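Below you'll find the structure, written out as structure tokens, and then a few comments.
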Amino acid sequence: LPLLLRHDYCFASRPAWCPSMNNYTSVKEFILLGLSHTEGLENMIFVLFLAFYLFALLGNLLIFVTILASSSLHTPMYFFLGNLSVFDIFFPSVNSPKMMVSLAGQSRTISYQGCASQVFFYHTLGGTECFLYTVMAYDRFVAICHPMRYTVIMNQRVCTSLTVCTWLGGCVHGSILTFLIFKLPYCGPNEVDSFFCDIPVVLSLACADTSLAQMVSFINIGVVALVCFLLILLSYTRIVLSILKIRSSEGRRRAFSTCSAHLTSILLFYGPVFLVYLRPASSLWLDSAVQVLNSIVTPSLNPLIYSLRNKDVKVALRKVLFHVIHPSVL
């Protein structure tokens, strides 16, 4: 039997020819094989990764500083956008630096603890983003459907509580998945067929029956993604119905424009989630391509999405950049 099938069969049925659990040597490190079908393109991919990574860091840092420095942006909507910028600084930092080290011809190995850390932070931040987009949709729902009570409903205490809950919820989500994956024994092979450690590729290396971990992971990710998606869909259904009741075309246009950036980000986020984790068949090449989009391209695009389509952010951004270039001018 092939190695992985033999492992699963041994741990499920325990025939006499199977070695005992004590005879297995635990894996101390994994080897990241990187992106498939990219031989000879390492230098070009390194430059692209570095460009997107730096743009994500600098762009989101600039948006965050702009929101902090501009009193006109101290509103619930921009408070959540500031949190999204912090997220978009952390998220590509989970796996991009290690990927660029590998592309530069350095070590492709990652320790067992480092691999577990990648899974934890990737899914903690992924869960946080999912919850944060849901909160942002609720904020837009209150702003458009209940404008007279907006400041009362979305007060500072409520915004802070919702933000803390999104980060705690993401942490719980990531902890459950990491525990499920790394409580399994890993005894070889240790080659991860991706550019970072994630659930599908790591689970395939386990020396035990992974059906329970696969099922619980699928349900966990599926429930979180689906519940958040349905809540976002419900919010925007109510928003669209309210916008259609606005009589002036200018009013409808302004209402739609406040939601367009958020909707674009949601599509860029949920597309990769459904393609990688919530489909029955797996394609390593497609998974890698989609995860590159999700891990580094989308965080670098969010500053453009939220600044180019938002007049308030553009005005505040110009003021911040002007004071950076001309610090002596008050």
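Glycine is treated like the rest: Cβ placed from N, Cα and C.
Within the chain carrying the transmembrane segment (45-69), a Cβ under 8 angstroms from the stretch's Cβ atoms is held by residues 35, 38, 78-79, 81-82, 85-86, 88-89, 92-93, 96-97, 99-100, 103-104, 296-297, 299-300, 302-304, 306-307, 313, 316-317, 320, all 6 or more beyond its ends. What TrEMBL lists as transmembrane segment is 45-69 (among others).
Per TrEMBL, the feature domain 'G-protein coupled receptors family 1 profile' maps to 59-306.
The transmembrane segment annotation in TrEMBL covers 75-94 (among others). Away from its own ends, the transmembrane segment (75-94) comes close to residues 52-53, 56-57, 60-61, 63-64, 67-68, 118, 121-122, 125-126, 128-129, 132, 135-136, 139-140, 143, 150, 154, 159, 163, 166, 196, 258, 265, 295-296, 299-300, 302-303, 306, 312-313 of its chain (Cβ-Cβ under 8 Å, at least six residues beyond either end).
TrEMBL lists 158-182 (among others) with the feature transmembrane segment. Only residues 6 or more beyond the boundaries of the transmembrane segment (158-182), in the same chain, are considered here, and those with a CB under 8 A from a CB of the stretch are 76, 79-80, 83, 116, 119-132, 135, 138, 199, 202-203, 206, 213, 216-217, 220-221, 224.
Residues or ranges marked as transmembrane segment in TrEMBL: 212-234 (among others).
Look at TrEMBL and you will find 255-277 (among others) tagged as transmembrane segment.
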